[in-house]
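Peer 1: Just passing along the structure, written as structure tokens.
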Amino acid sequence: MELTGSELWDKVQHALQSNLSKPTFETWIRPARCSSFQDRMLTLQAPNSFASNWLRKNYASTIAEVAQEIIGHPIEVIVLAQDDEDAESGSTPLSRVSTSNQPLASTAAEAAAAVSAPPSTAPRRLPGLNMRYVFNRFVVGPNSRMAHAAALAVAEAPGREFNPLFICGGVGLGKTHLMQAIGHYRLEIDPEARVFYVSTETFTNDLITAIRKDGMQAFRDRYRAADLILVDDIQFIEGKEYTQEEFFHTFNALHDAGRQIVIASDRPPSQIPRLQERLISRFSMGLIADIQAPDLETRMAILQKKAEQERVALPRDLIQYISGRFTSNIRELEGALTRAVAFSSITGIPMTVESVAPMLDPSGQGVDVTPQQVIEKVSEVFDVTADDMRSSSRRRAVSQARQVGMFLMRQGTDLSLPRIGDTFGGKDHTTVIYAIEQVEKKLATDPQLASQVQRVKDLLQIDSRRRR
């Protein structure tokens, strides 16, 4: 007798219960339920986004293996959150798209079959879009305003302005989020749109497969049929002459047909080594939109929104603490939140700065720089007195030293923003935020200041304390 999805999930849970610790099973496995089982695809529903992410990353493959042992054939396990399924239930077949980055076709025959398939089904199953990467989940700040506006513009009117749209920025700053948001937006407006989201690696692998299987025409037909193509991590095309050649012709075919092209990279076209000049020219002919690292206020807004999406009550001082600690990219910031939530969920300890700080400190030792030490060393390097730094003096030298002191105190101690303000003569927490932002900006353009700040950090051994 064939098992229903619920029956299969019950058996899988029973098998897992004997192999997992009780806290792990009770926290992650038991709350999940089976929402569907068809076409060898078992779809599980977790109570929230955090739980679904955790279950997907850590246990989906194990669940699939156990299920295969029970029913005797391989299955695919999909893990969604309650809000994902709510969003999918009344939408397009995009809900069946896997978030894995699978090649568009494993053989030339499959590629040819896919080209001949009705456009109402194949294109919507191709993108591999993450359902969380939509515009209303993207926090816009000064660092990303232009890129966000351009992405929305091409999503609303593809192939008109900004073609191609080239989004560049460092790792974890939101490039992929914006690209996939464009794809979601187009599919929402036009469910029949042929939207392709691929990484450069996938494009290269598909090309290699097509060459080996004598399927170049099917490969070209498939990619050039796109109404909207989103190509991620184009920097990995460097030095791949044949891939660059094929992408050049694909680009021209799509652009000449008025199809929208969106490209993402960790650097501008002109800075990608061993990239053909004609590709640099093509990539630069539309709009190059840069995304910078978010400032403190934007990081706080990102954390707040993420916490709301995950239905997590996050104390404001903890938001301030995490935002001040993790400054380089959004992925790192959200990773810190994930660890904090996991820590609280597993241990049952409420999330506070005091409880979370030791766990977030990479050294596992905590940070033991004192506020007084920061003031003393900053005073020494910047040639001002400790009293000057605590005063209301607006002399440039004093003001700069005070801002650096606030910046380093945020990095080297566990003090909240209001506490840091109190240390500097009762300054408001907004003054501290402003000081941190100013130092962050100046460090990128002022080598002398960067050298002075590093000198203070060396004296305080802030970096070595974190590495221990």
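Cβ coordinates come from backbone N, Cα and C, glycine included.
Source: prediction; values computed, not measured.
Straight from Swiss-Prot, here's the annotation block:
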type	residues	note
BINDING	G172, G174, K175, T176	ATP binding site
REGION	1-86	region 'Domain I, interacts with DnaA modulators'
REGION	86-127	region 'Domain II'
REGION	128-344	region 'Domain III, AAA+ region'
REGION	345-468	region 'Domain IV, binds dsDNA'
Peer 1: Using DSSP and three states only, what is K175 (ATP binding site)?
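Peer 2: The three-state answer is helix.
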Peer 1: As a test of reading the model: what is the averaged pLDDT for the region 'Domain IV, binds dsDNA' (345-468)?
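Peer 2: Mean pLDDT for the region 'Domain IV, binds dsDNA' (345-468): 82.
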Peer 1: Could you put numbers on the helix, strand and coil content of the region 'Domain IV, binds dsDNA' (345-468), residue by residue per DSSP?
Peer 2: 87 helix, 0 strand, 37 coil
Peer 1: Within 8 Å of the Cβ centroid of the ATP site residues G172, G174, K175, T176, which other residues of the same chain have their Cβ?
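Peer 2: Those within range, site residues removed, are G169, V171, L173, H177, L178, A264, I291, I330, R331.
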Peer 1: Taking the Cβ of G172 (ATP binding site) as the reference point, list residues of the same chain whose Cβ is under 8 angstroms away and which are at least six residues distant in sequence.
Peer 2: S328, N329, I330, R331, E332
Peer 1: Fewest other Cβ atoms within 10 Å: which of the binding-site residues G174, T176 wins that one? Let me know.
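Peer 2: Each of the binding-site residues G174, T176 was scored; lowest Cβ tally within 10 Å is T176.
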Peer 1: Within the region 'Domain I, interacts with DnaA modulators' (1-86), how many residues are helix, strand or coil going by DSSP?
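Peer 2: Helix, strand, coil within the region 'Domain I, interacts with DnaA modulators' (1-86): 49 helix, 18 strand, 19 coil.
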Peer 1: What is the number of other Cβ atoms found within 10 Å of the Cβ of K175 (ATP binding site)?
Peer 2: 25
